[in-house]
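Below: one structure, written as structure tokens.
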Amino acid sequence: MSFFIDEFQADLEALPNILQKKYALMRDLDKSLQEIVRQNEQRCEQEIEDMKRGLRAGNITPDTSLLRFSEEALDEQKHSVRIADEKVALAIQAYDLVDSHIQQLDQYLKKSGEELRRERENTATASPTQTPDGTTKSGRSSESGRGGRKKTRLATAAAATEVAASAANPTGVELDLPVDPNEPTYCLCNQVSYGEMVACDNPNCKIEWFHFGCVGLKEQPKGKWYCPDCAAMKNRRKGR
């Protein structure tokens, strides 16, 4: 367990520098994006004015299907989308990095709780021994002081945590996710946001966001996607 603590501490100390680099790169991308968007807005405004003057002078046909922005303007818009996608990818990487450390810490706390519980059980089942004066004492009498009480409280807290986790997860599926009581919950499982998620395309969906695994997805669906409840409701309306 001490090896795990040392390794986790080393990874944790390197985390701020890694996140700082990712955030700095996101800021640079954001500056580039703002500059491209500004240039594109100016270009599009100028091209619209040129179209209006051409229409008034009769040099351009009024057919709206032929009125298009230049290739330069379209390329700038595509470049903006690519930069925005890079920013999203960096944000996901930063989130996953922090989330992995949280899950590692959660596993360590779980293992610590199990060890404390086993130690308490061993203490309770330890056979008593006779002292020279005839009195009976436990083989772990040294824990009857402050340290023993503290250890009992920690073990009790670990047990209470497991009971609360079982009540919150009646399906028995083991979830190694730390839950912030103030964090909103989503999906059919009523858990917090983690991993890859998909949004229901029904604007009136009560849940809105779903974990891939909970709805049987392995990759982002193409086109519109509806959750099981909204899909069933949509099919019922079609059948009428």
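Yeah, the Cβs are placed from backbone N, Cα and C, and that goes for glycine too.
Curation plays no part in TrEMBL annotations; they are all automatic predictions.
TrEMBL annotations:
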| type | residues | note |
| --- | --- | --- |
| REGION | 116-152 | region 'Disordered' |
| COMPBIAS | 134-144 | compositional bias 'Low complexity' |
| DOMAIN | 184-233 | domain 'PHD-type' |
| SITE | Y186 | site 'Histone H3K4me3 binding' |
| BINDING | C187, C189, H211, C214 | Zn(2+) 1 binding site |
| SITE | M197 | site 'Histone H3K4me3 binding' |
| SITE | D201 | site 'Histone H3K4me3 binding' |
| SITE | W209 | site 'Histone H3K4me3 binding' |
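When Cα-Cα distances from Y186 (site 'Histone H3K4me3 binding') are compared across the recorded positions M197, W209, H211, C214, the shortest belongs to W209.
Taking CA atoms as the reference points, C187 (Zn(2+) 1 binding site) and D201 (site 'Histone H3K4me3 binding') are 14 Å apart.
Here the CA atom of D201 (site 'Histone H3K4me3 binding') lies 15 Å from the CA atom of H211 (Zn(2+) 1 binding site). Note: the Cα of M197 (site 'Histone H3K4me3 binding') and the Cα of C214 (Zn(2+) 1 binding site) are spaced 10 Å from each other. Here C189 (Zn(2+) 1 binding site) is positioned 19 angstrom away from D201 (site 'Histone H3K4me3 binding'), judged by their C-alpha atoms. Sequence-distant contacts of C189 (Zn(2+) 1 binding site), defined as residues of its own chain at least six apart whose C-beta falls under 8 angstroms from its C-beta, comprise H211, C214.
Long-range Cβ contacts of W209 (site 'Histone H3K4me3 binding') within its own chain (separation 6+, distance under 8 Å): Y186, C187, S193, M197, V198, A199, C200. Within 8 Å of the Cβ centroid of the Zn(2+) 1 site, not counting the listed residues C187, C189, H211, C214, the chain contributes Y186, L188, N190, Q191, F210, G213, V215. Comparing the binding-site residues C187, C214 on other C-beta atoms within 10 angstroms of each C-beta gives the minimum for C214. Applying DSSP to the domain 'PHD-type' (184-233) sorts its residues as follows: 9 helix, 10 strand, 31 coil.
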